[in-house]
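Take a look at the structure set out below.
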Amino acid sequence: MNTVSDLSKFVATRCAIADISLADFGRKEIAIAETEMPGLIAIRDEFAAQQPLRGTRITGSLHMTIQTAVLIETLEALGAEVQWASCNIFSTQDHAAAAIAANGTPVFAIKGETLEQYWDFTHRIFEWADGGYTNMILDDGGDATLLLHLGARAEKDQACLNHPTSEEETILFAAIKNKLAQDPTWYSTRLEKVKGVTEETTTGVHRLYQMFARGDLKFPAINVNDSVTKSKFDNLYGCRESLVDAIKRATDVMVAGKVAVVCGYGDVGKGSAQALRALSAQVWVTEVDPICALQAAMEGYRVVTMDYAADKADIFVSATGNYHVITHDHMAKMKDQAIVCNIGHFDNEIDVAGIEKYKWEEIKPQVDHVIFPAANGMPEKRIIILAKGRLVNLGCGTGHPSYVMSSSFANQVIAQIELWNAVGTNKYPVGVYTLPKHLDEKVARLQLKKLNAQLTELTDQQAAYIGVTKEGPYKADHYRY
């Protein structure tokens, strides 16, 4: 922006943020984050001269954090035009949003925004000032992808919007109906311009595979989540640090000695369980998958059911990506002052709607007492709900550390380049794909430099013996890390 008035006009017309005066603070934190994101910065430096994303207009729906600011500026450094919204109503860091807005990027993200604002912002990231269109999506959880597909379906028959199953669906469906009243082809016009999407998280990937199986998916997708340097690092090591940070920021509770239940023992659950055990909690795990349950048992965790644990544990963490894992009846059985939180993507892992009938008392932002009245001979009690059942590490903390997000976001940038460079070819017909192994290994190499790690190099004889090249890839695609 050339002048203060130019910036003020831009923010007023092309952004929705909390406070532009936070931009300098955000810029200082972005500078620190860049020093902790070696993989992402190396990708920026490697490709800047080539401008491989020139011509892209990327709509981004992903937590608007300091680390995401580094991702956005990397995409722009490689030639992309970008518009951004957060994928969660509580996850925005307002100083990060301000810094990005001050740099001239349209951003629509406010910590604590309403659901109405959330879906308005998700629409606005598809509307460009010159009337042009998005041609690439960078998604986290799949809401941006869902919006265009569901809206285009509703253009043909709005009956698909008649039976919402949650408060959020009620608000989303109303927003789509309102947009269709203004422009009956708003969604299909934009949908047909999109060349591909890169998806960040497990929940969004599940959506993509379901859409493809039904024949609904209209463009190719790269599943970034299942890159090894994403899922085995962000999901596991990121959660291992950010979960307990969020719980302690929110409650100041002593974790040691308490019984903590982790629902789900995938990568996120594994990291969560490790973190709680490191603080000397007694960790119990719930699982439906016997393989994951066996892994938990072999790590020394007690494998139980929620029905068994509900009235015994002190801390409950949902990490499944599934629906109503912690139910109203579970919470009704819990101890006074039990802590309940979710580190999965959506808020329906915990049956928050089922306890809305009780009195809620805000302790501080994103920390609430839910007061259960005396019943069945039991006295009144309070349980602590964090982030209203939404993503706790970003609702009550600042999310994963920059270093681990560097791996995830390096994969995102590589995936955007891969899809965009394949436009006009038959390399990626409509479907869901993962990045090839050699790119996964490349990200790992770039990250290792920060840690002063020394890689052993195969001899010619060793490489021949195991049937690989000296440069890699070193493992078959089916290898489980």
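The backbone N, Cα and C atoms fix where each Cβ goes, and this holds for glycine too.
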(Q) Per Swiss-Prot, which of Glu34, Glu199, Glu200 sits in the substrate site along with Thr65, Asp140, Lys230, Asp234? (A) Glu200
Q | Annotated substrate contacts Thr65, Asp140, Glu200, Lys230, Asp234, maximal Cα-Cα distance (Å, integer) | A | 17
**Q.** Local backbone state of Val268 (NAD(+) binding site), from DSSP in three classes
**A.** helix
Q | Among Thr65, Thr201, Thr203, the most crowded of the binding-site residues [Cβ within 10 Å] | A | Thr201
Q) Which residues, sitting 6 or more apart from His345 (NAD(+) binding site) on the same chain, put a CB under 8 Å from its CB? A) Asn88, Asp140, Gly141, Thr201, Thr202, Thr203, Gly204, Gly321, Leu391
Q) Within 10 Å of Val268 (NAD(+) binding site), Cα to Cα, which of the binding-site residues Thr65, Glu200, Lys230 are there? A) none
Q.
Roughly how many Å lie between the Cα atoms of Thr65 (substrate binding site) and Ile343 (NAD(+) binding site), rounded to a whole value?
A. 17
